[in-house]
Amino acid sequence: MENSTTTISREELEELQEAFNKIDIDNSGYVSDYELQDLFKEASLPLPGYKVREIVEKILAVADNNKDSRISFEEFVSLMQELKSKDISKTFRKIINKREGITAIGGTSSISSEGTQHSYSEEEKVAFVNWINKALENDPDCKHLIPMNPNDDSLFKSLADGILLCKMINLSEPDTIDERAINKKKLTPFTISENLNLALNSASAIGCTVVNIGAQDLTEGKPHLVLGLLWQIIKVGLFADIEISRNEALIALLKEGEDLEELMRLSPEELLLQWVNYHLTNAGWPTISNFSHDIKDSRAYFHLLNQIAPKGDRDDGPAIAIDLTGFSEKNDLKRAEFMLQEADKLGCRQFVTPADVVSGNPKLNLAFVANLFNTYPGLHKPDNNDIDVNLLEGESKEERTFRNWMNSLGVNPYINHLYSDLADALVIFQLYEMIRVPVDWSHVNKPPYPALGGNMKKIENCNYAVELGKNKAKFSLVGIAGQDLNEGNSTLTLALVWQLMRRYTLNVLSDLGEGEKVNDAIIIEWVNQTLKSANKNTFISSFKDKSISTSLPVLDLIDAIAPNAVRQEMIKREDLSDEDKLNNAKYAISVARKIGARIYALPDDLVEVKPKMVMTVFACLMGKGLNKIK
C-alpha cells in the first residue's frame with residue numbers, strides 16, 4: 001500500500017472492527033468477497049452499482065493479499081484505507097445488520113470457478129417461494145412448476161425456463177409482457193433463452209437493475225442473482241400503490257406542520273414507516289424508526305394488526321377480531337408466532353417466519369408490512385379542502401420510462417420520484433459517466449447535506465451538471481440553469497434527461513459500428529434498407545411517420561432481423577381499430593425484447609407515434625441487427 005494512503009484513527013478502527021464483526025457471520029475472522037460487495041450496497045455511496053463493483057474488483061486484487069477470495073480484518077482495513085484515499089468512504093455507514101441463515105456456494109461460472117463464494121439468504125428463498133406459490137397457484141401455464149418446495153432448490157430450477165419470471169413481472173406491473181410472446185410449449189434451449197431474454201429486458205423496462213445478469217445465469221440457477229432479481233420484481237409490485245397520486249388515502253399520514261409536497265417526496269419505504277407509526281400513535285404505542293431492531297419483539301406488529309383489522313363498521317368487509325393475548329407471551333419466538341397467526345386472519349401471513357421477525361430481517365419485514373398495507377391500509381382520505389389537487393397528478397408515462405431507464409442502470413440512490421430525486425444531480429453525474437462524459441467528483445457535493453445551506457450545495461451540483469452538459473456532452477441546453485434542475489422544472493429537466501437517454505442509446509450503436517457517429521438519418525436508412533432486403537412492403541419516412549401507429553414497420557423489422565420470432569397470425573394488418581393497433585404494439589414491444597432488444601418504450605409510444613421513444617425502439621433493433629451480423 002502506498003504511503004499516500006489515508007491513515008485510519010483508533011476510533012475509526014474500532015468502528016471498522018464492529019462493522020467487520022457484523023458481516024463475519026460465522027466468526028471465522030474472514031468475510032467473502034461477495035459479502036464485501038453486499039456491504040458496499042448497504043452503504044450510501046454516491047456511485048452506481050457497477051462503479052462500486054469495479055472498485056471492489058480492482059481493490060480486491062490489491063487487498064486480498066493471499067488471493068483466497070476471503071478478506072481478513074487486516075485486508076479489510078487496507079481496503080478501507082484505499083477507499084478513504086479515493087474519497088469514496090465518507091458516507092460509509094457502520095449499521096450493517098448481522099445476517100443469519102446465509103448459504104454460501106462456490107462459484108460456478110468459468111470466471112468464478114477458482115473458488116469465489118457467493119452467499120444467499122435461505123430465509124429469502126423460502127419467503128419468495130411461498131409468495132410465488134400463492135400468487136401463481138391458479139395459473140394454468142405454471143401447473144408444471146407450482147407449487148415449489150421451499151425447503152430445497154426447486155426455485156432455481158423452476159425459474160430456468162423463464163415462464164415464472166415473465167408471470168411474476170406481469171403480476172408486479174400488469175401488461176408489461178404480452179402473453180402471446182411467451183414460449184410455453186415444447187420448449188427447446190433456444191426458446192427457453194428467448195423467454196429469459198424477454199424476462200430480463202422486461203424487468204429492465206420496469207426499473208430492475210439487470211446489468212450483470214444474463215440468460216445463462218438464470219438457466220444455471222445462480223442463487224444470489226436469481227434472488228436479487230426476484231426481490232426487485234416483487235418489490236415493484238409491493239410498492240406500486242404506495243404512492244400518493246395512486247392512493248390519495250395516504251394524505252391521512254400528513255403530520256402536524258408537514259406539507260403535502262414533503263409527503264410526496266418520501267420513498268415507499270419511508271411512507272410505510274410513516275403508515276405504521278400513524279397506526280401505532282392511534283394505538284397509544286411508541287413509534288418505530290426501522291423494520292429491523294424496532295419490530296423484533298412483535299409488539300408493534302400486534303398493535304398494527306389490531307388497528308388495521310376491519311371493524312365491520314365501514315365497507316371493508318366483516319369484522320375480524322385480533323386476539324392480543326399473545327402480546328404478553330414471554331418468549332420472543334412464541335410471541336412472533338402468535339402475532340403471525342393473527343396476521344393469517346387477515347390473509348397476510350407472508351414473507352416472514354417467527355425467526356425472521358425476531359432476527360429483524362429488514363428486507364422480509366419490509367415486504368411483510370408492504371403486503372399488510374396493500375391488503376388493509378386502514379386509511380381514509382381526509383375531507384381536507386386545503387389540499388392542492390394539482391400536486392396529486394401522477395407521473396406521465398414518459399417520466400416513468402425515464403425513471404425506469406435510470407434505475408435499470410443501477411443508479412444510486414434509487415429514483416422514486418423523477419424530479420425531487422434528481423434535485424442534487426448525483427444521479428445525473430452517474431449517467432454522464434455512463435455516456436463517457438468525464439465527471440470531476442472533487443467538484444461534486446455529496447450527502448449528507450448540512451441543514452443550513454444544504455440546498456445551496458445541491459444547486460452547485462446542478463450548476464456543474466448543466467455546465468458538463470453544455471461544454472463536455474455538447475447537449476442543447478438553451479435556457480436551462482442549475483436552479484431549474486434543483487426546483488424540478490419538468491420541461492427543462494426532461495430536456496436534459498432525454499438527451500442523456502438518447503446519447504446512451506446512440507453510443508451502443510456507435511460501438512457496434514466501429515465508432516461511426518450515429519444519427520436519426522442513419523437509423524432510418526438502415527431500417528428501410530433492412531426492410532427492403534427482407535422483401536417487406538413497410539418503410540418509414542421519419543420517426544413521426546403515421547404508419548408507425550400500426551406497429552407493422554416494427555414487426556416487419558423484427559421479422560427481418562430474427563426470422564420466425566414473429567408469429568404472423570398474431571398480427572392484424574388491415575382495417576385496424578384502436579384496439580388492434582394497441583394489440584400490435586404490445587406484441588411488437590414484447591417480441592423485440594424477446595429477441596434481445598432492451599427497449600424501454602411502451603406500446604402507447606408506438607400507437608401515439610411519440611418520435612423520441614420511437615427512435616429508441618428502432619435504435620435498439622438496429623443494435624440487435626448489427627450485433628447479429630458481427
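Each Cβ is built from the backbone N, Cα and C atoms, and glycine gets one as well.
Summarising the annotation, Swiss-Prot assigns Ca(2+) 3 binding site to D64, N66, D68, R70, E75. Swiss-Prot lists 11-46 with the feature domain 'EF-hand 1'. What Swiss-Prot records for 122-238 is domain 'Calponin-homology (CH) 1'. The domain 'Calponin-homology (CH) 2' annotation in Swiss-Prot covers 266-377 and rests on sequence analysis. Residues or ranges marked as domain 'Calponin-homology (CH) 3' by Swiss-Prot on the basis of sequence analysis: 396-505. Residues or ranges marked as N-acetylmethionine in Swiss-Prot: M1. According to Swiss-Prot, the region 'Actin-binding 1' annotation covers 108-381. Look at Swiss-Prot and you will find 382-626 tagged as region 'Actin-binding 2'.
Under DSSP, the residues of the domain 'Calponin-homology (CH) 1' (122-238) split into helix, strand and coil as follows: 76 helix, 0 strand, 41 coil. Across the domain 'Calponin-homology (CH) 3' (396-505), DSSP assigns 66 helix, 0 strand, 44 coil.
Within the model, the domain 'EF-hand 1' (11-46) shows a mean pLDDT value of 57, rounded to a whole number.
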